[in-house]
Amino acid sequence: MFRTTLAGLLAHRLRLMLTSLAIVLGVGFIAGTFVLTDTIDAGFSRSFAADADKVDVVVTPADDADAEDDGILPERALAAVRAVRGVRDAQPVLSGDAPLIGRDGKVVGDYPTAGVSIPASRMKITSGRAASAAGEAVLDKNTAKAQGYAPGATVAVLDKAGKRHEFRLVGIFDVGLDQNLAYRGAVAFTPETARLVTGAKGFTEIDVVSSGPTPETLRTAVAAAVGSGVKVMTGRERGDELARSNHVDTAFLRTGLLLFAAVALLVAALVIYNTFGILVAQRTREMALLRCIGATRRQVFASIVLESAVVGLLSSVLGLLTGLGLGAAAVAALKAFGADVPTGTVSLSPQTIAIGLCTGVVVTMAAALLPARQATRVPPVAALGTQAEEHTFRTGVVRVVFAALFTVAGAGLTAAGVLQSPGQAALLTVMAGGVLVFFAVLVLGPVIVRPLSGLAGWVPARLFGVPGRLAVDNSRRNPKRAATTTVALTVGVTLMTFMSVLTATVRSTVGDQLDRQFPADYILTAQTGGIPRSIADSLRASRDLSSVTEFRGKKAKVNGHDYEVGTVTRSALGTSVRTEASAGTLDRLGVGNVAVADYVAQDLGVKVGDHVTVTSGGRSVPLTVVAVLKAGVSLLPPFTMAEQTFEQRFGRVDDAQILVNAAPGVPAERARAVVDDATAAYPAVKVGSTTEIRGQFDEAIDTVLMVVTGLLALAIVISLLGIANTLSLSVHERTRESALLRALGLTRPQLRGMLSVEALVLGLVGAIVGVVLGVVYGWAATATLTQDVSFRLPVTQILVFIAASGLAGVLAAVLPARRAARASVVGALAAS
Amino acid sequence: MSTTTQTRTAVVARGLTKVYGTGDAAVHALRGVDVDFAAEAFTAIMGPSGSGKSTLMHCLAGLDTVTDGRVAIGDAELTRLGDKQLTLLRRERVGFIFQAFNLLPTLTAEQNIRLPLEIAGRQADQALFDRVIETVGLRDRLGHRPSELSGGQQQRVAVARALISKPQVIFADEPTGNLDSRSGAEVLAFLRRSVRELGQTIVMVTHDPVAASYADRVIFLRDGLLVSELERPTPQTVLDALMALEA
């Protein structure tokens, strides 16, 4: 039997290729994921190791250092280290805020630029040189590029007190793997200057170079010298530690990508299942002949399973190679887009090979089990039959019962999830319901594919005349095959629709929230420190602005717990700042009173009428709760008091945030100019508009949608392979039918058109089911996210999905259709 | 019909040559066949296996290209036409009845019968449709699919389909090959009636002397050449002629 199977496989190399392509892509995705993450991991380890070799011992604050001293090494530690015998050099690393002022006169970025001092040995200067004098600074290359600064330029930063200092830029450096610096941007100074500018009281790290002793010996000596509260490691140990923490990041990336790979493999399994089903049906006579000449059922079964094992193994090997290519391409793409990701050599690890091979073979064999069982049911007498039976399909009782069970259970779980209060548990319940409903669709597929293809084919059947009508008939000729073919596409379309509904809804919900929380045209924030009170005063003086709302806050202990205590311009309450009280009222917010956010009230167990004790600076004062406010409606702090009360307790505090509204009828440019003028003298005060915030948010959402869609595209491609496969095998089965139609006067383009329409219908059916499932579950999932979700249906995107699925189906039909049309009429008629 | 003094020809072949393959592997299926097929007549093509009778029919019907020589159906020169024009010609002027697999399994009997007209975008002549249905006796089976019809009924549907578009010529390839003798006789009787009553032209390939005896004229092929012919055949005269061929 083994030899028969192999001979059969070799005789049908093309068929083998078609079947295996789906698995090749699925395994390729998995292997590619591992190759990519392994490469990044290796790159991180290597560069950390390289960095680590430059220093022998590293002193850092202990992980469990008390939050009071901010995890900083005291200055005396440096002197202590330098005094240790065997220390040739010890250099401190300093880090703090040094907001860089950009070319527009405002501080750069959302977060203050880091002001650092890094030992020259560890600093990667890309042009110019390191700072060596007080008036010199070095800028990280990304910020330098974004702001257009080159060595020789003068740059300005704000010091801790908000005072402006100018420096001569002497070089550009690469922050390397420090993600914090990479994100915020960094200006490097000499240690003394860095301390002056940032106000840093100590060091974040001390790098020690040995004058002779081994790193291990020196580590012990240094540890003894600096005492407790610090962590002393050799350079190598530090490198390993950093690499490990980065490994966690790549593990996240890996898990995420593998989820998509799993989807692709599920689709591939469906395609393989279908293909083997068709192959078995086509080889009925072959099987029967084997049975006639004495093969047992077991042998027939084994031969199919063996075939699937060989196909699985070959495709997995090809998949591994594909994965290597994909991984290398991803690495190259990352580099091309300038991502700061170190990369090692691209290679397949033994682990990747094992996982890829196992997954590919197991999935292929599992998908072939049912078709193999089908093959054992072929009676020997079938070898004598002349014509393949037309596949009839009757809806079995078992099928209906199973479908009903899955539907009821799935719908029940989904409903339960939606009715639950929002949260992760609700979302998981909904998703579990979704999986069950998907099973119901899988089981019910052959039943619903008939009416659906009628629906999807309604227009094509009328548009394309006889070929169109024949195509629609053909598409539902073998409902089981059509169902499995389309379900593969359904998986991808469901997930895409789901994502697009989810993102559209999140977008509109967050938009609504932004409108509610920032009922303002402009928002003023300070990157460091606060907003001087004079700004609000000067804004109020302008007639072009209708309202100016100040928010002030301070940390304090309330009933012994740390909370933000704040105040807001009184007149804004109920107008610019919308509030909703779940108990009590803000109208009575006066001296000695406080309003509490609902979640805090719950945590502290206080209600309207209770007293809370606010402690700050060693003084305590009791306040009466007059209102419990719904959080999420406004941006009020956990405890809000009247302005006078706040002022009495905390003195004149700078504003944390100012909301500004333009007066009615004032053009946006004029209002903006007023706000810009008022803040021009304060580089740290940034002006934002709600439109900008929404734009940034929209951009982020679009990126997420794009990445997810891109990753799901592979599943779609695999399902298209399935459509192409089904069609080409149908073409093969219907050779004589096509020849008859050609004899009766169907032209070649018409025959091609007929197959295209059939594929179009299959694609549309898959898309329709997918869109329905995706929309329903997108809705259900958003219902579990938060309260008051504003559901949005991305109609255009969904129509695009449907149209694209149909079009993709037509594309999948191109090759099979060409082959069908090219066949000679006489040859096909003679073939039996 | 042979009684007509002026016999029109429906199909003409001159010097028809068909070679499959090249070089040593070349097979000469037809070696220069000259033959005329009279309009409104029933002609049978006979010959031993490998004599080229099916090839001749395929070339005459525009299903296959010829290596040399010319074929004309009415005023249309087939040998000058490309695939597209050949397809349109088949659609407009030719009807087919094959030995097996004549019908599309997804369509009902009536839809199968109307299929060539619909492909051509023409309307069926309702009177002709009724008459054809009466002739083949399928009135009560029109809504059935092929799988629900007997072999004889399927073949009668195929005959009706060939007749409905009033083609200039119907080519039948072993139309009774898969039928029992009673169903076969019925189908052959319909073919003859359609010639007599509807004035149809039919060219039939067969190896069965009884089937050939329904024709007005039988031509005999051997090794790709036209070797003899017989007017008003009977099973016995056909059998004798075949015996003479084999000798």
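Here the Cβ of each residue, glycine as well, is placed from N, Cα and C on the backbone.
Note: TrEMBL annotation is automatic and uncurated.
As written in TrEMBL, here are the features:
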| type | residues | note |
| --- | --- | --- |
| TRANSMEM | A:16-36 | transmembrane segment |
| DOMAIN | A:17-194 | domain 'MacB-like periplasmic core' |
| TRANSMEM | A:257-280 | transmembrane segment |
| DOMAIN | A:259-380 | domain 'ABC3 transporter permease C-terminal' |
| TRANSMEM | A:300-333 | transmembrane segment |
| TRANSMEM | A:353-370 | transmembrane segment |
| TRANSMEM | A:397-419 | transmembrane segment |
| TRANSMEM | A:425-449 | transmembrane segment |
| DOMAIN | A:483-676 | domain 'MacB-like periplasmic core' |
| TRANSMEM | A:486-506 | transmembrane segment |
| TRANSMEM | A:704-727 | transmembrane segment |
| DOMAIN | A:711-824 | domain 'ABC3 transporter permease C-terminal' |
| TRANSMEM | A:759-780 | transmembrane segment |
| TRANSMEM | A:795-815 | transmembrane segment |
### Task
With DSSP as the yardstick, break the domain 'ABC3 transporter permease C-terminal' (A:259-380) down into helix, strand and coil residue counts.
101 helix, 0 strand, 21 coil
### Query
Do the transmembrane segment (A:353-370) and the transmembrane segment (A:257-280) share at least 3 Cβ pairs under 8 Å, sequence separation 6 or more?
yes
### Message
Please determine whether the transmembrane segment (A:425-449) and the transmembrane segment (A:704-727) are in contact (criterion: at least three Cβ-Cβ distances under 8 Å, sequence separation 6 or more).
### Response
no
#### Entry: For the transmembrane segment (A:397-419): best-contacting stretch of A:257-280, A:704-727, A:759-780, A:795-815, by Cβ pairs under 8 Å
A:759-780
#### Entry: Positions on the same chain near the transmembrane segment (A:795-815), where near means CB under 8 A and six or more residues out
489, 493, 496-497, 500, 504, 716, 720-721, 723-724, 727-728, 755-756, 758-764, 766-768, 770-771, 774-775
### Query
Per DSSP, how many helix, strand and coil residues does the domain 'ABC3 transporter permease C-terminal' (A:711-824) have?
95 helix, 0 strand, 19 coil
